[in-house]
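Chemist: Just passing along the structure, written as C-alpha cells.
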C-alpha cells in the first residue's frame with residue numbers, strides 16, 4: 001500500500017472516532033469541537049480524492065461558519081444537561097432502531113446493481129457521462145453544472161432551510177429577563193407631568 005492509502009485510513013479512523021465522540025459526550029461544547037475535528041478529517045480525505053473545491057468549500061462553510069455558529073450558540077444558550085432526567089434505556093432503544101435503519105440502507109446500497117437498474121427515476125437523473133468529460137471539465141465546473149442546472153430546486157430549498165435555522169437561532173438567543181430593570185427612553189419621554197407628579201396633603 002502506498003502513502004496515500006495509509007493517510008486515507010488514518011484520516012478515516014480519526015473521523016470515525018471523532019464522530020463517535022460527538023454523540024457520546026455530554027458536554028455540548030466538547031461535542032462541537034469534535035464535530036470540527038470530523039470536518040477537518042473529511043477535508044483531508046477530499047483532498048486525497050482530488051476534490052479540492054469540495055474540500056475548501058467544506059472548510060469555509062462548515063468549519064468556518066456553521067461549526068463556529070454552533071459553538072457560539074451553545075455557549076450563549078448555556079445548555080445544561082440534567083443526567084437524572086435522562087432515561088438511558090430510551091436513548092439506547094432509539095439508537096438501536098436508528099442503527100438498524102442505517103444498516104438496512106447500507107446493505108441495500110451495496111447489494112444493488114446500478115448497471116441493471118431500469119427504473120425511470122434513476123434513468124431520468126443520469127444526464128452526463130462524466131467519464132467522457134473528465135479531460136474537459138474540472139471538479140469545480142462539474143459541480144457547478146450539476147448543482148445549479150440539474151439540482152437548482154434542491155439548492156434553493158436547502159438555502160430556505162438554512163434561513164429558517166438562522167431565524168430560529170436568533171429567536172432562541174433573544175430572550176428577555178424579567179428580573180432586570182431596563183430604561184425605555186420612549187416611554188419616559190411620552191409621560192407628562194399631570195400623571196407623574198402627585199400632590200399629597202400632610203396633616204400638621
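The backbone N, Cα and C atoms fix where each Cβ goes, glycine too.
Positions annotated as transmembrane segment by TrEMBL: 6-25, 32-49, 55-77, 89-110, 153-174.
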Chemist: For the transmembrane segment (6-25), which recorded stretch in the set 32-49, 55-77, 89-110 gives the largest number of Cβ pairs separated by under 8 Å?
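Modeler: By the under-8 Å Cβ criterion, the transmembrane segment (6-25) pairs most with 32-49.
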Chemist: Going along the chain, which residues at least six beyond the ends of the transmembrane segment (55-77) come within the CB cut-off of under 8 Å?
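Modeler: The answer is 28-29, 32-33, 35-36, 39-40, 42-44, 46-47, 169, 172-173.
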